[in-house]
Structure formats: C-alpha cells, structure tokens
Amino acid sequence: MHLCHAITNISHRNSDWSREVQASLYSLMSLIILATLVGNLIVIISISHFKQLHTPTNWLLHSMAIVDFLLGCLIMPCSMVRTVERCWYFGEILCKVHTSTDIMLSSASIFHLAFISIDRYCAVCDPLRYKAKINISTILVMILVSWSLPAVYAFGMIFLELNLKGVEELYRSQVSDLGGCSPFFSKVSGVLAFMTSFYIPGSVMLFVYYRIYFIAKGQARSINRTNVQVGLEGKSQAPQSKETKAAKTLGIMVGVFLVCWCPFFLCTVLDPFLGYVIPPSLNDALYWFGYLNSALNPMVYAFFYPWFRRALKMVLLGKIFQKDSSRSKLFL
C-alpha cells in the first residue's frame, strides 16, 4: 500500500472538496458519531444499573448497544477521516484491522437484530412458554453467536484476503496503490457478504415480523371479542398490549435497519458484476448511511419505551449515584 498523501501525482485527490465542504462533512459525521456514542452509552448504563431492567431480552439489547458503541468509538472516527480526506493515513496493517473490525461490528449488530426479532416472536406468539424458552442461557447463546460468527467471518476473510481472490490487481490499481482503504469484494465474496450480513438475517427479521403482525392482530381481535361478550371491555388487555407494543417497536427498529443498510449491500453485491462502476465516494456515503443505524436505535428506545425516558432522565441528572437508585421503579 502506498500513502496517498505522499504521492505527488495523485495529490489532487485530497483537494476535490473545498475546505467548506470538508468542514461540513466533518461536522455532520461528528454529530453521527456523538449520537451513536451517547445514545448507546446511556442504554448500556441504564440496563447495567437498574435491576428492574435485568431481563433476558434487555441483555440482548445491552449487547447490541455495546456493539454499536464500539462501532462509534473504534471505527467511525477513522472512517470519517478516510471519507473526508479521501486518503488512508494509518498504514496497511491498520487498514486490515479497521476493515475487518468494521465488517465484524456491523454484521454483529445485524445478527443481534435478527435474534431480537426471534425473541419478540416467542413473546408474542407463544407467551405461555416464553419464559421457559427464552431464559438467560438462551440469550447468552444468542449473544455468543452474534459476536463470534461475524468475528470469524470478517477477520478470516480480510486477513486471508479471501475477498480479493481473482481481483487482486484490480484492488491494487483502484484502491491500494492510491492509498485507499475500503471494503473491496470479488463477485463470489460480494455475494457471500450480501447473504451473510444482510439477506439471511434480514429475511429472518421480515418473516418473523410478518408472522408477529398477523398473530398479534388475531390475538387482539380474540381478546376484544371475549371481553365484549363478558362485559369486560378495556380489561385484561395490558399484558397483550405490552407485548404487541414491544413487537411494533422492534419492528420499527428492523425497518430502520433495512432502510439504512439495504442501499450499501445492494451496491456491494452488484458492483463486481457491473465492472466496479460505483464511485468510491458514493460507496462511502452509503456506508455512512448504514452507520446511521447505530445512532438511530437508541432514539427508537427513547420514542417508544417510557422506561428508557425515565432511565435517561435519571442518568442525565446524576440520580444513578444516589443510594438504592438501582432499585428505582421504571415501569409504572
């Protein structure tokens, strides 16, 4: 790998954008990074601190927040410099570490969403056996799979250069020799990345929420019909409405994920078959649109979960440092 800032004949790469545009991009990306760090840190602190939130499902949310926080802490700052400066300043080894960690954390976040959808499916569709099925051991297995599989896949592919099989020269001429550092895929590895990190988990999410929607809708009609018959309208609906609301909330999270990541993964799988015609700047922009997903998840919690808003207030006011604050009631 050559250092782009040291190669005089391609130094124009760094001046394609004016200082005003670069400053605007730095400001926008810094806001995304800040929102990702602050939002997910509050989720981590809240679930760790408040005993009422120590449920199997919330530990899955906790693990996903850690993934998104690490993405904002370890990956986004270097990606910001690479995107704005159109140059990788940190060397070839760190390029591989950055790329593999980026793919690992992005995929891990997606895996967590898939498992969260399965958890909600069990809660809504089989509530009587939910606690027996989804216990802490089950959640730990989900968390382990969500971290380990993306790690093996990402680091194995990048450090063994399996993603470059058959396109090594093209990668050198278009990326490496220009001092760049961005994910680059052959036709085979592009399809594999699309299937592993997007299509399979995304299909699981869509199928599960399709099932949840119709089953929850049917259960709600059945409960309302029963209550009308016995004259108990408005009663005995709280447990079901609580689970249905949780399912809708996580369904919105899945929708946000699909909107954020779908453009990037479509480009990833199509670009090798189109002869690598997608400009690096567009590819970078789509990657940042995917990063935005990690900043939006805590905002979904804040909008839909009253417990998160109460926890947020206590964290910001410093009330978590008071005695017995961990036993505070967040569910009214």
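A Cβ is built for glycine as well, from the same backbone N, Cα and C atoms used for every other residue.
Predicted, not measured: the structure shown is a model, and the values here were computed from it.
The membrane topology recorded in Swiss-Prot splits Ala23 and Arg211 across the two sides. Of the listed residues (Asn9, Asn135), Swiss-Prot tags Asn9 with N-linked glycosylation site; the rest carry no such note in the record, though that does not show they lack it. Per Swiss-Prot, the range carrying the annotation region 'Extracellular Loop 2 (ECL2)' out of 90-101, 162-173, 174-185 is 174-185. With a cut-off of 8 Å between Cβ atoms, the residues of this chain six or more beyond the topological domain 'Cytoplasmic' (49-58) that come close are 116, 119, 123, 134-136, 138-139, 307, 311, 315, 320, 325-331.
Per DSSP, the secondary structure of the region 'Extracellular Loop 2 (ECL2)' (174-185) breaks down as 4 helix, 0 strand, 8 coil. Spatially close to Asp102 (2-phenylethylamine binding site) yet at least six residues away along the chain are Leu71, Ile75, Ser79, Ala154, Pro183, judged by Cβ distances under 8 angstroms. Listed by sequence, the residues of this chain that lie at least six past the ends of the topological domain 'Cytoplasmic' (305-332) yet keep a Cβ under 8 A from its Cβ atoms are 42-43, 45-46, 49-53, 249, 298.
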